[in-house]
Amino acid sequence: MADPELYPADVHHEHASLAVTERPWARAALMLVAFGFLAIFLLLPLVVVFEQAFSRGIGAFVEAINEHDTIAAIKLTLLVAVISVPLNLVFGVAAAWAIAKFEFKGKAFLITLIDLPFSVSPVISGLVYVLLFGASSLLGPWLKLHGIVILFAVPGIVLATVFVTFPFVARELIPLMQEQGTGDEEAALSLGANGWQTIWHVTLPNIKWGLLYGVLLCNARAMGEFGAVSVVSGHIRGMTNTMPLHVEILYNEYNAVGAFAVASVLAGLALVTLVLKTLLELRYGAEIAATRGH
Amino acid sequence: MTTAPAKAGWRFRQPSVIPGFGLTLGFSLAYLTLIILIPLSGLVWRSASLGWTDFWAIATDRRTVKALEISFGTAFIAAAINVVFGTIVAWVLVRYRFPGRRVIDAMVDLPFALPTAVAGIALTTLYSPKGWMGALLAPLGIKVAYTPLGIVIALVFIGLPFVVRTVQPIIEEIDKEVEEAAATLGANRFQTIFLVLFPGLAPAVVTGFALAFARGVGEYGSVIFIAGNLPYISEIAPLLIVIRLEEYDYAAATAIATIMLALSFAMLLVINLIQSWTRKRYG
């Protein structure tokens with residue numbers, strides 16, 4: 001930034017602004033390209049979801065949602081999220097604690113491993129569990145003998161979802177807690193707090209917005225995951241169908257209103273997620289890790 | 001800290017008064033191993049136990065090769081499109097002030113939040129011959145739905161936020177004085193942007209490209225609806241894995257998955273190298 005005493009604002013800035021920005025026509029052209037691109041690729045698909053969902057009126061929409069299999073799919077999606085998000089939340093806090101509060105060998109490698117699920121195709125994330133628990137695997141016969149069902153049932157869907165959403169909370173908390181350092185915890189400990197008191201009364205209040213941010217993104221992905229869940233679910237209507245899978249089934253049955261009705265619920269969820277995410281970023285941007293995205 | 005004499009030699013962890021290292025690291029490692037490492041190494045192990053001849057036969061099967069070509073090819077084109085338009089979007093969002101900027105900024109993350117299956121059926125409806133975009137393009141003789149072009153469209157949707165969110169913070173950080181200096185030294189705006197600013201943005205653009213590309217290669221949900229899934233033409237590799245699984249051909253599914261993983265990791269490695277090179281060159 002220019003020092004106001006060295007450079008009188010009036011002349012300098014007038015001159016600088018011409019040199020460091022585009023001409024009006026270039027600005028207009030760039031904005032037109034950006035808005036046009038976003039309108040075609042982001043806005044139109046979103047509008048189509050709701051337009052199709054209500055194309056036969058509200059009555060048809062309500063009927064499509066209020067169908068037995070749809071309600072079962074909504075319940076299953078909620079159940080899967082309720083199990084898998086807390087699991088990854090606990091992991092995220094534990095991993096971030098170990099990584100951010102201590103210096104140890106192999107830390108960078110550990111962070112890379114935590115990010116690994118992001119670079120694996122969702123289909124492969126499901127496939128690995130089919131290979132692990134399927135009938136032809138080493139574990140398969142043993143599981144069958146003991147009557148344990150993992151694949152094509154809720155445990156398999158939960159495992160695949162946990163795999164896919166594994167890094168979300170951890171990658172949000174690690175940079176945040178690294179930035180905060182260990183000063184607050186050391187102070188609490190030196191004043192006589194024990195470990196749990198320190199985490200509960202000092203660390204968690206420090207990271208709560210970043211934690212919420214990570215949970216929000218983790219939950220959105222958990223409820224929306226398609227590829228990984230599709231491989232392990234077995235697609236049993238009313239039993240192992242999550243909402244995204246139900247969308248696919250209805251769509252392939254040429255039940256467009258039904259498919260888009262369920263899809264619009266998921267799109268609504270996505271919009272709520274975006275609004276909450278933006279509010280968190282606006283209000284607590286400084287307290288949320290700088291590494292946005294995903 | 002300074003009271004204890006520094007001990008020479010290897011030490012796994014630096015001393016600290018903070019408790020819970022063993023518990024948290026132990027739990028994290030156990031969870032990571034159970035959820036991620038064992039299942040993934042199971043895939044590699046199963047693939048290795050196929051034997052070289054079988055593996056090679058699957059890998060060079062024409063349908064496999066075509067599916068991999070389509071996956072990597074469309075992901076590359078989509079990531080390239082996103083690099084151009086994503087950088088423009090990031091530039092407009094950072095540099096210009098206009099009403100609704102916050103809302104548009106938030107909208108960029110829609111592909112992260114919208115379930116891929118929803119994006120898939122929405123794009124298919126949009127680009128089918130009777131859809132809003134499809135009807136517009138049909139008179140021009142452009143078919144999008146049920147062609148490889150449809151795959152590219154879906155992957156552009158999926159990859160956009162990766163580029164915008166990687167480039168945006170770097171544009172925010174650009175020091176205005178650099179631009180002023182360039183202008184003072186006689187560069188026109190075009191020269192300033194392409195010769196002065198872009199080299200600084202290059203590492204972020206490459207990273208954004210890599211993230212969008214990697215995501216596009218593995219993408220499944222948004223693609224399978226719009227692709228039409230014709231073998232040799234618009235069948236992506238993740239779909240071929242699913243098809244082989246449904247045929248109980250676990251060997252083929254495993255082999256294709258291993259090839260995809262290996263190619264993705266090799267690619268990320270190359271891109272990391274390019275990135276550290278550009279950083280050294282222009283950083």
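Cβ atoms are placed via backbone N, Cα and C, with glycine included.
The feature domain 'ABC transmembrane type-1' is assigned by TrEMBL to B:68-271.
According to TrEMBL, the feature transmembrane segment maps to B:21-45 (among others).
What TrEMBL lists as transmembrane segment is B:70-94 (among others). Within its own chain, the transmembrane segment (B:70-94) is flanked in space by residues 101, 104-105, 108, 148, 151-152, 155-156, 158-160, 162-164, 167-168, 171-172, 201, 205, 208-210, 212-213, 216-217, 219, 233-238, 260, 263, which lie at least six positions past its ends and keep a Cβ under 8 Å from the stretch.
Counting residues 6+ beyond its ends, the transmembrane segment (B:106-126) has Cβ neighbours under 8 Å at 89, 93, 132-134, 145, 150, 153-154, 157-161, 164-165, 219-226 in the same chain. According to TrEMBL, the transmembrane segment annotation covers B:106-126 (among others).
When Cβ-Cβ distances below 8 Å are used as the criterion, the transmembrane segment (B:146-164) is approached by residues 70, 73-75, 77-79, 81-83, 85-87, 89-90, 93, 108-112, 116, 119-120, 123-124, 127, 205, 208-209, 211-213, 215-216, 219, 222-223, 226-228, 230, 233-234, 236 of the same chain, each at least six residues removed from its ends. Per TrEMBL, transmembrane segment is recorded for B:146-164 (among others).
Taken from TrEMBL, the feature transmembrane segment covers B:193-214 (among others).
What TrEMBL records for B:250-274 (among others) is transmembrane segment.
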